[in-house]
């Protein structure tokens, strides 16, 4: 048990002291009922140098208690009703009228804090009533020290002992232990237990603080002796043991038990909320892994069974239906005819077409003059119509924008702590950061910030802290001292002299010196104290008049050992202003100066680790990062442009390098792509659609990937398609365009519709990105079909007139660009061997199922650290914030209009004191704080309703009215002694008229020691009223527990909304409540994290919508080929699954930025997939395998050159970006998409088409305009018959032939027919004779001898193109049957 020691004291002249250290009968000789130990007032105590309230010590008087009547008895019934019970006309008491008045003041001060719990307030009052006025005072009070005054017989009592039965003291303490302070969310007991605070307080410590003469309230030293049951102190002392009410009991008939918030015994049984569901598991196995494995096994089994079933029938049986085939062929012929005519027309008039295209693109791009870039994160990621934005606008409209926070965190790494031995408060450990030099440095910083000025250019004036700071207790005309600055130095009122103050503590054990250590120990445990108990006699309140809570000013401490904190946290709260308010520039200017001062402070104090941030810091750093990475993006674009310019050239001979390099054409194609991007952005700017940096960074990449492959396909097809005899240049361009345009339209139209559907997203950044991308892709297609075709025609004309150009304009065919030879070897064999194709399908199915499993392991969110460069000064700040901060951000529960607070039922459904509903707003929030892991709330909500009711309590001197004079009827502040009329005469709920009249007084009443319940500072901005006094909105502030990750912020939002919805349902049941009334949670972070509540669902819907047009457009443009369209859709979906799986493996979180890249991934995947599918559809080969092989050979090089190689160089550069956001979401995701798209497009899709696609029809039109047809004939010699098909493609004097033949023979005697296969390739130019190479494989019958034969010397045919063919023949002796495919 801790006791105050006794010792000598400094005594002024005229006073003499005498007494005993232990109970002595000499000062209280008579101990019997009806006798006092002291009585009356004997002046002020000379040992108390500073008292917060006027108080006098009693006079020694061990005499019979005098009779009380009249005014004394009336006041006794009011202050101490238990001592006046049963007394009709008189009662014996040991206190005078003056003592009763002083007692009423003392009880009133505590009553303002404890009145919300009647049992506690009555028990606390009874302790002092029995102490001062009990007629049996001599039985339990023992005077131990008195003084004498010269010239009088009165002997003032300076110290005495009170003997209480322990069970009584602990019962009284238990009734008060849970009483809350609505203004802070903490416990009232924390203001009544000194250095121990609420957590370490006990009945003994609670009473010891009441009796400590140094607490600013007690007039003398009182030593409370708690006597256990069965123990008697002797000397006739009978410990006080009177009944004490439990907190769940009502002291009087007209009173209520304490509420659940103040009394755990009053709480109904609380069912703990369910914890978040555990991860899905099947036994010990991850459930998602098991489902993924089962899915893969099912798909693999189904594929293998289907392959086995079809093995005997081959893959040439899947042919489209007759009617659908004819419709598809007609549609294709119509498109070819239209594009042929269009291409020829453009090629005939290239200059006018270029001029019109330039005029259109330039006119639209001129809209960039009105371009508005959005950099505000709220505008980027939160839709104006979203719930969080609407709630933010409602809050800001009624209460103003959230305060601007500027914070400094100071640590001293590596410095050891020290132990401090306080003569008064015991031994405490102090960390290395709580040292005099660090505190002085912190004072130096705060003094510099208080005196600094920042220039505001637009306002043309200097701005100081007082111009922008939040001054809660003097908002009208604040001075620098009125600014709300939270800092540990505020316990010394930011005063160097007080920090250096030392004093001699006489009543220590032993006596000794006290200094800042002792004051700090006391204040961190009792931050609401106006005076500590040390000889320093300093206040703990901040310079601006409010408290500084240790969990805000200190960080990194274990438990509640605040002096072991590892970090000092200084927080400047500034007023915030809406955009357009000139005062916003003041705040921004001061914050800029704040950052400059902190950087200078950091450089001067190298021994300190200083982390800091201003409200503007994050936006500043994002802008700085974007500016730093602009050269990197420019280098990336230039690298891509250089590649395109070099890759388009033919390069057949060095002397023709300048002619065939096509640098000008490449630059023109690039200009077309960039012109489309600029025109799209300009058009949207004209329409008032804002843009963003993410659009500027991503859309050009995307359109380059989309547009470059079209350029490559067109140019290389032209290079590989020499002009036919008699064909003009314009007709050649038209013929080539007719061949490639359907593929270009297929990809571009799919992507445009995909992005347009992606624009349905509610996120502004995603929506504007999708709109810009859709418009840019569409304009790019339009410009490529016009301007670029014109450029190609001009380039062809240039080549023809160049020296050494071939006459007639015939191209070089196979030598041009990225010819088919290499890719024929690379892709023509890949995936089509019977043994490897199933393995490839299974491999890609495994990748897709793995991606599906990993999808459930992708983290959702975006930690703000990822948006910053690695050299940002904010990274150490966020690290320190996560490491040291002990409490989260404040969260407001906001009520809308339509609720009647002034009705009794309306009040009871809000408040949390005695008589309030068990499921009231504040009670519900308080219960939620019991489960912070589920609710994410740590500190209950402040309640202006509760403090308003306490403020009206007639026992307090808060709400009073002037009775006379010019201010008659007006509010009389608690500091005034000119008024005595209370607003209400009894403890009750105010009437609606009283509520409306007194509420504005309460909101503007400055809290003082006499009335700590004043609402100014705590609640003046918590209630929004109109001019008639109608409440339009209110808010109740709680605190979240510390939140570290975006996942926790999102979960906290979800939990707060669920809690608010439950409260809304309760309050709507109150009579008179508007059906549209609601309660919603609000904090500054919700508007950023709301997107993560729906981003998964919205992403799935957006990506699904993007896939729909891919299938639809493919189906229409591929001649209603549902199988090929389905293969396209499936491949793109597998690319997305693989991308998401790689996101989990490469630590790429999913959020709106990732969603933008996934939407772009759909567009890029279309490029990898659709060209191959379109080539497959155009192929005239009779089997799926042959068609897939031909599609890969002819289109693979163009896809690699035009899509993959366009992306990869630019993406690789992004790996060196300073912003981690760019490296993670642009480099990693784009690299993943490019590699997966390439792999799926060239290694999986052809194989899939070879299984799923339809067989060739053998009909269609050859490039030369002549029909390619089927021929079936029968012939036989002897007994057998033969059937055969032949497909040929012949132009006008030139053509290419392909053939595949297989023959079977039924020979005599059942012999097996030999087989033969051959492959040949050759070409001719202008009638020249070239050599051709042939391979023959013969398989002889009977003996099975096989041999290779290679021969040279055959010659190409004049005027013919290239041809490759296989022929398998079976010659028999009597019968020969031939089957051929060509």
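A Cβ is built for glycine as well, from the same backbone N, Cα and C atoms used for every other residue.
Please treat TrEMBL annotations as automatic predictions, because they have not gone through curation.
Owing to the predicted nature of the structure, the values given are computational and were not obtained by experimental measurement.
Between the stretches 1013-1036, 1037-1060, 1061-1084, 1229-1252, TrEMBL puts its transmembrane segment entry on 1229-1252. Per TrEMBL, the range carrying the annotation region 'Disordered' out of 1267-1297, 1298-1328 is 1298-1328.
Checking TrEMBL for transmembrane segment across the ranges 578-600, 601-623, 693-715, 808-830 points to 693-715. Of the listed segments 954-978, 979-1003, 1154-1178, TrEMBL assigns transmembrane segment to 1154-1178. Below 8 A, the CB atoms of the transmembrane segment (1154-1178) and the transmembrane segment (1229-1252) form 3+ pairs separated by six or more positions in the chain. The list of residues near the transmembrane segment (1126-1148) in space but at least 6 beyond its ends in sequence, with Cβ under 8 angstroms from a Cβ of it, reads 844, 847-848, 850-855, 857-858, 1103, 1107, 1110-1111, 1114, 1154, 1158, 1161-1162, 1165-1166, 1168-1170, 1173, 1224-1225, 1228-1229, 1232-1233, 1236-1237, 1240-1241, 1244-1245, 1248-1249, 1252-1253. If you look at the transmembrane segment (1199-1217), the same-chain residues 6 or more away from its ends with a CB under 8 A from one of its CBs are 629, 632-633, 635-637, 639-640, 643-644, 647, 701, 704-705, 708-713, 716, 817-818, 823, 1164, 1167-1168, 1171-1172, 1223, 1226-1227, 1230-1231, 1234, 1237-1238, 1241-1242. Confidence across the domain 'SSD' (629-794), taken as the mean pLDDT and rounded to a whole number, stands at 83.
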